């Protein structure tokens, strides 16, 4: 690095007699800074490629396995080339996380379609209260490298903040947890990605279900406004899928309605899943993504160039 900086410095010094004023070069640099926004091409979201016979094969290209080492800890959903949404309670301490995309297998074989990308940065929502009383249970993961879009890796759409899903809307929940009908205390995670058809439930009814065995006073709601419930009363997914997507098809596009936040007594079929309602956080998510895009690569070379341009003119 020192050698390259020396060469750059020498090159800059040699270029001074060319007559290019510092003011002009500084203006060019500022224009580049204001105009460059990284890769401006955005992949189409929420439009997965599926075979005609969905009974034989269905894949969810935004599905993410969040990992610590080789261990799957939570699910997540790809929403942009370098951004994943998951539940905030999935993040613990200062562990080094990575994500796997492009596969339905918990332990994928070596394949060109499977992506393993380290997590560069984690942004927790400021209203997250913690694992005891969950609120603001959403986190953003910024990846070190952008994903390579294929039919196996595609982002899901973020819903507009004012969009409201009607009670009874059909959605899908996916993850590597066991389905409730096959749940047991000794269950391990499923080797293949599981899916379950669910329906949006009224928050008040959802709150009543969970309140029956709760000692919390009735004046304190368990299911808050930033949560959304879904179930089909027959089959749902169990623990191991926290942070996983609740995906709903709306006008031909799939949107991320929620990420799995919590549920109680997985073996009891009538207990719905409670998800973080993404519409409540769409603006925050978009703001973080826009703030996270560096307008210019902040390298030593750029800093040295800027420093050189701002130096007082030496000589005649």
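Every residue gets a Cβ built from N, Cα and C, even glycine.
Marked as active site, charge relay system by Swiss-Prot on the basis of similarity to another entry: 89 (among others). DSSP classifies residue 89 (active site, charge relay system) as helix under the three-state reduction.
Look at Swiss-Prot and you will find 137 (among others) tagged as active site, charge relay system. Taking Cβ-Cβ distances under 8 Å and a sequence gap of 6 or more within the same chain, the neighbours of residue 137 (active site, charge relay system) are 87, 88, 89, 125, 128, 259, 261, 262, 276. DSSP gives residue 137 (active site, charge relay system) a coil state; it is part of no helix or strand.
Within 10 Å of the C-beta of residue 242 (active site, charge relay system) we count 23 further C-beta atoms, all protein chains included. Summarising the annotation, Swiss-Prot assigns active site, charge relay system to 242 (among others).
Non-local neighbourhood of residue 90 (disulfide bond): 66, 73, 74, 76, 139, 242, 243, each in the same chain, at least six residues away, with C-beta under 8 Å from its C-beta. Look at Swiss-Prot and you will find 74-90 (among others) tagged as disulfide bond.
According to Swiss-Prot, the feature disulfide bond maps to 171-248 (among others). Look at residue 248 (disulfide bond): DSSP puts it in a strand. Under 8 Å, Cβ to Cβ, and six or more positions away along its own chain, residue 248 (disulfide bond) finds 165, 169, 170, 171, 172, 200, 254, 255, 257.
Long-range neighbours of residue 229 (disulfide bond) (same chain, six or more residues apart, CB within less than 8 Å of its CB): 200, 201, 202, 203, 205, 206, 223, 272, 273, 274, 275. Annotation note: residue 229 (disulfide bond) sits in a strand segment as assigned by DSSP. The disulfide bond feature in Swiss-Prot is assigned to 206-229 (among others).
Positions annotated as disulfide bond by Swiss-Prot: 238-266 (among others).
According to Swiss-Prot, the feature domain 'Peptidase S1' maps to 49-290, an assignment based on sequence analysis. If you average pLDDT over the domain 'Peptidase S1' (49-290) in this model, you get 85.
The Cβ of residue 110 (N-linked glycosylation site) lies under 8 Å from the Cβ of no residue that sits 6+ residues away along the same chain. Among the features that Swiss-Prot reports, N-linked glycosylation site is placed at 110 (among others).
The number of other Cβ atoms within 10 Å of the Cβ belonging to residue 162 (N-linked glycosylation site), over all protein chains shown, comes to 7. Taken from Swiss-Prot, the feature N-linked glycosylation site applies to 162 (among others), supported by sequence analysis.
Marked as N-linked glycosylation site by Swiss-Prot on the basis of sequence analysis: 186 (among others).
Feature annotation from Swiss-Prot assigns signal peptide to 1-38.
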Per DSSP, three-state class assigned to residue 171 (disulfide bond): strand
Under DSSP, is residue 110 (N-linked glycosylation site) part of a helix or a strand, or is it coil? coil
